Each structure stands twice: as structure tokens, then as C-alpha cells.
Amino acid sequence: MLKGYVPPYNATVVQKLLDQGAILMGKTNLDEFAMGSGSTDGVFGPVKNPWSYSKQYREKRKQKPHGEKEDSNWLITGGSSGGSAAAVAAFTCFAALGSDTGGSTRNPAAHCGVVGFKPSYGLVSRHGLIPLVNSMDVPGILTRCVDDAALVLGVLAGHDPKDSTTVQDPVKPFTLPTLTDVSKLCIGIPKEYLAPELSSEVRSFWSKAANLFESEGAKVIEVSLPHTSYSIVCYHVLCTSEVASNMARFDGLEYGHRCDIDVSTEAMYAATRREGFNDVVRGRILSGNFFLLKENYENYFIKAQKVRRLIANDFVNVFNSGVDVLLTPTTLSDAVPYLEFIKEDNRTRSAQDDIFTQAVNMAGLPAVSVPVALSNQGLPIGLQFIGRAFRDQQLLTIAKWFEKQVQFPVIQLQELMDDCSSVFEIEKLGSVSLKQ
């Protein structure tokens, strides 16, 4: 829909980074209009996970017989901001921006072994971010360590006159203190997040992380978020409803793609949207318009808004009971191969993969996914910390302490590096011979 479109202005987050001297490396790939959880439905094709080419994963794979071609066996990055996570994981940039509506920054961060941070709703400006769900969207930050995420947040946070949902209070850049004593902390483990689909490996690392906090003197308690089971359905209704509203701006008149049909304005609208959107986007628009029909509005949209309030109140009650942060899984398992992932349709996959992440967006809370360890396959697994609204600094401070304890291994792309260095050598020889 926006092929060849050059925006006339920068998003506030981009402009703030440029103002501080950051260098923009380029734009990253993602699911079309950020609708997906695998980064497999982008207009530029799917995003490949750098860990597919890591020494850790390849060594584990050699032990297993496999008939398929190496080329088709790459892993997904998770989504929707998979290109941003892949860019950071592959050492091509210091940090990358994503968007987080239901976990779109934290999900790929977990699969790519990087830190994915979703700030509190209203802390970072959404001006210039193409909206998916206005009431949940937040620009996300992807980095290789928690300190870097805090550094980027310090640049991005604060009021923006172009976005009325941002906080009015001035936000000062901060450096994270080094936490040495966690004995005064209370860590909550939501029992509803023990989903039947959760892989045994993720469950094991989740349990070990809780034990780590306990062994260091922190109080670890089981808590309940009773309305969790309704959150996926509630999220789907609200998400598609807002999508139907937001996507109405892409009509072929003002900007973006326009079809050649000139029979009538209505025909031009319809054909433009048919050509410009993929199946996933069209499906969500149709669902949303159904929920917003006059006869369905009370039964679906209003009901979902009420359930959303109950979900948000669950978090409020838990934090009011003395819990400092919640510790949960980020994803159900480590990254799966692309061919495995596409066996299910986009909607089913999104419902499965956003299970631990989207409730946070409905409540507007900050959350961060931190890589914890490698699975038996040599792939990253991440865990999520959820904090109180606008206590982003406290959340990142705890995440930094945890990151230091687990010492997640660096991705080893040695074979690729060797290949690259040999290419550079050949080019150097070529350039030398040309000069002669």
C-alpha cells in the first residue's frame, strides 16, 4: 500500500535520535502493517533469524539427521518487529526501534537473543508511528543489553506536543544504578501464565529464574491475574476494531497506492484496498468492521472494553499487594523453523504467540524481555519482566541485575565472519590490481 511512498516528516522517536547524533542505518522489515507474530508476512518476504546461522545452533544440528536442504531450514525471528531484532542480533546496529502492540518487540527479542523493551504507554511519543491499535501501540526498543535500552529510552521519553497521549511531566535521561541487593524486592509469578502449550524448557528456565531471585534473598510469591484467559479474545476484538478504523485512511486518494479503475470513487477505493493490502490485513479489517456494526457494537466492542478494564485492574491489584515486578515467559518456546511456522495461519499463530505479552499492552504497563539461556537446540530463550506503570527505571534496574546473573552467551557467527573476511580479501586484491 505504501510502496515508493516517502514520508514528508520524521517520526518523533527518529527525530529525537537524529538530534542526539545517532546515525540511521536503514529501515527494517516486518509483518505488513505490523500484523503478525513471525515476521513472515512482510511485503519484502520473511525475515530470517541470525541464530539460524550461528555456530551454537549449527553444531547442535550436526548431531541430528536431516534430509531437508540447509537453505530452507532457517528459523523465524518472531514478530512483528522481526527485522529490527535480527538487525541487532546480527551486530549490524547498536539499537533498533520496533512497535509493540501485543508483544511485537518482546516476541522477536526473545527469539533473537536480544533485549526487547516496551515502555509504559504515554512515556514515548507515537507521532509518526503508523497506527495499528492507538490505545495499545508503543514504540519499542531493541538492544543487546539492558543498559543500552535505558540509554535509548532516556533520549526518546518525554512529552511531545504532537501526541496528546504522552506524559506532561518532564522526563530526565537516566543511567541505571547497579543493583547489588535484591532482598527487598517482591517478585510475582502469575499462575495463569503456566499455559499447557508452554515448552518444558521455557518452564524450566522460568523456574530457575525464580529460584535465582529467591536464593539472593528476594521474596518470590505466586500471584493471580484471574482474567488472563479472556485476554486473547478481548485483544482480538479491540485490535481488529481499531485496525478497521485506522486502515480507512489508506483509500488511494491522499497518498500511497492507487489503482487504475476510474468508474467511480467507490470502485477505486475498493480496488485500491484489494490490491494494496494482503490477506491478513484485509481479514482484520473485515473482522473489525463486523464488531463495529450497529447491531454488534454493544455485544463485542463495549464488552471487550469492559473486559480490558478487568484485565488492567488485575495488574493494579497485584502491584498494590506489594509486588515490585512480575516474572513470566515471553514466548511458548524457542524459535521454530519457517516451514513449521507457516503450517498455521497468521491469526492462529498470533493468538498462540501473544499469550504472555498482549495483556501488558491492554494495561499500558512497561515490560522487558531479557535473554536468559540457550535451549537444547542452541537457540535463545527469553523471560519477561512486567513493571508498574511509569516505573520503567525500576523495571530496567531489576532486568539489568538479572542479565548480569545469567550471563547470556554472545551469538557466534564465526563461519559467516570467515566467509566475509575472505570476500574482503578478494576485493582488496582486486582493488590493488586495478590500481596497478
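Using the three backbone atoms N, Cα and C, a Cβ is placed for every residue, glycine included.
TrEMBL lists 1-54, 76-396 with the feature domain 'Amidase'. The feature region 'Disordered' is assigned by TrEMBL to 55-74. Annotation comment: TrEMBL describes Ser80 as active site, charge relay system. According to TrEMBL, the active site, acyl-ester intermediate annotation covers Ser104.
Model confidence over the domain 'Amidase' (76-396) is summarised by a mean pLDDT of 95.
The residues of the domain 'Amidase' (1-54), classed with DSSP into helix (H, G, I), strand (E, B) and coil, number 15 helix, 1 strand, 38 coil. With a 10 A radius on its CB, Ser104 (active site, acyl-ester intermediate) counts 36 other CB atoms from all the protein chains. When Cβ atoms from all protein chains are considered, those within 10 Å of Ser80 (active site, charge relay system) total 34, not counting its own.
A straight line from the CA of Ser80 (active site, charge relay system) to the CA of Ser104 (active site, acyl-ester intermediate) spans 5 Å.
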